[in-house]
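K.L.:
Would you mind keeping the following structure in view while I ask a few things?
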Amino acid sequence: MDGPRSDMGRSDVSRSDMSRSDMGRSDMGRSDVGRCGGGPLQPSATPSPEPEPEPEPEPDRGSRSRGGRGRSFWARCCGCCSCRNAADDDWGREPSDSRDRGSSSRGGRPDSRGGGVNAAGDGTIREGMLVVTGVDLLSSRSDQNRREHHTDEFEYEELIVRRGQPFHLVLFLSRPYESSDRIALELQIGNNPEVGKGTHVIIPVGKGNSGGWKAQVTKASGQTLNLRVHSPASAIIGKFQFTVRTRTEAGEFQLPFDPRNEIYILFNPWCPEDIVYVDHEDWRQDYVLNESGRIYYGTEAQIGERTWNYGQFDHGVLDACLYILDRRGMPYGGRGDPVSVSRVISAMVNSLDDNGVLIGNWSGDYSRGTNPSAWVGSVEILLSYLRTGYSVPYGQCWVFAGVTTTVLRCLGLATRTVTNFNSAHDTDTSLTMDIYFDENMKPLEHLNRDSVWNFHVWNDCWMKRPDLPSGFDGWQVVDATPQETSSGIFCCGPCSVESVKNGLVYMKYDTPFIFAEVNSDKVYWQRQDDGSFKIVYVEEKAIGTLIVTKAVRSHMREDITHIYKHPEGSDAERKAVETAAAHGSKPNVYDSRDSAEDVAMQVEAQDAVMGQDLTVSVVLTNRSSSRRTVKLHLYLSVTFYTGVTGSIFKESKKEVVLAAGSSDSVVMPVAYKEYRPHLVDQGAMLLNVSGHVKESGQVLAKQHTFRVRTPDLSLTLLGAAVVGQECEVQIVFRNPLPITLTNVVFRLEGSGLQRPKILNVGDIGGNETVTLRQTFVPVRPGPRQLIASLDSPQLSQVHGVIQVDVAPASGGRGFLHAGGDSYSGETIPMTSRGEA
């Protein structure tokens, strides 16, 4: 395996170059690397670097003239409503300006243009003109604006506010303000700002404009003017350039643009008029402001959890989020709509179609990038994408979901990360999971295009849906993992959870696919002597068996299955399934079901850590009043968590005689040496059990997935944590395997504590225990989480976390600047080694 890359380098897998601004493009063919049907698609070859698009030239808006006098845009607009003035109301020409007003900071910032301009554009300041000598946007993290707008945790010095809520600023003038003076604030975004599209905002002080913006004087004292500015709850989100214009009888003055005066505007879940409004403060604290969370994985019976550093307030992350919208070519005028924004994000977090953030890889070969299990957060991924412009290798569902949570929370949408256990992937829109067997009930893998993932991770975000009938507001599913196309591109959602719950698969967006993931049935088909297939068993409670997320204001797991589906087996749940299936490609699938099921079967697997032997058992129960003879076939194989299976490495055939009302078990022992050569990611195995009851003809069928667990890292804080002071953490790991782990890499990350750091530690011997220590300097106070992971070719999915309560620096809150990108990889010697 190649050494880890600190900057994640360039994408190693080819993608079709389809960066278009519209959402409806044709579906391009995709390779299906490392898996057979029913799984996420991924690219397959090394790309040539994608050149950065050339910026479109901005039209010269100062070139028009009438009667020898140029006309500025602002001068052509009425001060009270921004409508066009009459042709005679010409106060002068705006100087030509071709600066870029893109929303992200990936490129260089424009320079200030000097000392201001008058109406004639010659820089002459005449007596009586009102000159703005300076602006204070009160943008410090400790200032009123940032605190009131809940943006004080952003590691930025610029002003960051939320729409629909007033903010304050101060103008410094060349003379005292007079009531006859006319002042207008201007905000511009994009390369070609237009008033009609909301990308050029003119706000006359003391009056509102037709777009809902207002600016009022709150205090005039000497040569200082305090203003309160109110944005509409539907304002475009992004980074705006801010300038000021004044008009007096002596002439017009324009303050030159200063990069320090850029203003970021975000969605506002605290504003009742904003369609992203959330009416629960606890939810806002957790789903918008919480910088870390839990992501669940594994199987329903063996749930694992990992802490993820969302890091939405880290320096550079906000610019990365806005760069994603820019890279997609999303029109600025549509960036005030959270439905459109979240749909674009679901397309752009994966690299297919658009050269987005992450390259998906389910092949098991990650030598040209980072194993998805090695990531501990989103910050390193997003900063690499912002810095290089290239897709980052590699991601799987929990990585796509973790990054999506970061992006949507950063932009102001209440978002949570959701795990669905036994998640179906319906490839033929039948809204059922179809599994095919031969005459002896051995799986026909070449026909099993549908798959059931052990788990799948996606996102819920909260918003109203004005594009749907009433009753579908609230949680909306957004899934950035590239599985199937939607309108020709790899995106999914937003989809109302309420429509999923009731099987209303005709509601947009992508409801049929999401419904099948959580509430379809497993249908078992057996090949008959004439080659046709017959339904022999329908498993109604096998899909979407548990849907969970991190609980609000807690590290506990919350079961949210009930918001996605009615109680399993209830009349409402059956109606939802059959309503949805009626709109699928096999609407009559439930018409040919057989009954007479008096033998029940249950499968259990022993909980074991990787490196240990284990057993699986099948429990049969005869619920009839007569004897039953059951012929059982057990097939054991390894499986990717996406439901794609490897070859069968162990099988067993048994005949079991059950007395009336009795139970019996069939046990299959599995030694470490038997499963170790076959293991793939996540350490999961699949037991296919099929059987035939001699007396009644009943067919038994069951698929049971289980996994061997991986060990955790142990983190210990050595001393107190204070802003600006060096702190030390100790990491201890014991290798559970009898083999050497080679090219071991640790990752360390924590918002407000540690920028993403990569540590190369070499090899770790079989059953060896190692200890290493690392120092870090906290930059923000409060409760924080430091997260670590370990990865090697022989062992992955190893991680740990520690809570760090950071005290403020003496004398204040003690924020420190935390700029800079990820650390490059370093070779770290272990402080101690020992045999376990």
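Glycine residues also receive a Cβ, built from the backbone N, Cα and C atoms like all the rest.
In case it helps, Swiss-Prot gives these features for our protein:
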ACT_SITE  CYS397  active site
ACT_SITE  HIS456  active site
ACT_SITE  ASP479  active site
BINDING   ASN519, ASP521, GLU568, GLU573  Ca(2+) binding site
COMPBIAS  1-33  compositional bias 'Basic and acidic residues'
COMPBIAS  89-112  compositional bias 'Basic and acidic residues'
MOD_RES   THR46  phosphothreonine
MOD_RES   SER48  phosphoserine
MOD_RES   SER98  phosphoserine
MOD_RES   SER112  phosphoserine
MOD_RES   SER824  phosphoserine
K.L.:
Across all the protein chains here, work out how many other Cβ atoms are within 10 Å of the Cβ of ASP521 (Ca(2+) binding site).
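P.N.:
The answer is 22.
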K.L.:
Out of these recorded positions, CYS397, HIS456, ASP479, GLU573, which one has the fewest other C-beta atoms within 10 Å of its own C-beta?
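P.N.:
Per-residue Cβ counts within 10 Å for the recorded positions CYS397, HIS456, ASP479, GLU573 bottom out at GLU573.
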K.L.:
Name them in sequence order: residues not among ASN519, ASP521, GLU568, GLU573 whose Cβ is within 8 Å of the mean position of the Cβ atoms defining the Ca(2+) site.
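P.N.:
What remains near the Cβ centre is SER520, GLU540, LYS541, ILE543, GLY544, LYS565, HIS566, GLY569, ARG574, ALA576, VAL577.
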K.L.:
Can you name the residues of this chain that are 6 or more positions from GLU568 (Ca(2+) binding site) yet have a C-beta less than 8 Å from its C-beta?
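P.N.:
Spatial neighbours, sequence-distant, of GLU568 (Ca(2+) binding site): GLU540, LYS541.
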K.L.:
If you measure C-alpha to C-alpha, which of CYS397, ASP521, GLU573 (recorded positions) come within 10 angstroms of HIS456 (active site)?
P.N.:
CYS397
K.L.:
What three-state class does DSSP give ASP479 (active site)?
P.N.:
coil
K.L.:
Distance check, please: Cα of ASP521 (Ca(2+) binding site) against Cα of ASP479 (active site), rounded to an integer number of angstrom.
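P.N.:
Computed Cα spacing between ASP521 (Ca(2+) binding site) and ASP479 (active site) is 21 Å.
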K.L.:
Taking the Cα of CYS397 (active site) as the centre, which of the recorded positions listed as ASP479, ASN519, GLU573 lie within 10 Å of it?
P.N.:
ASP479
K.L.:
What's the number of neighbouring CB atoms sitting within 10 A of the CB on ASN519 (Ca(2+) binding site)?
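P.N.:
Neighbour count, Cβ to Cβ under the 10 Å cut-off: 24.
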K.L.:
Measuring Cα to Cα, how many angstrom lie between ASP479 (active site) and GLU573 (Ca(2+) binding site)?
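P.N.:
About 23 Å separates the two Cα atoms.
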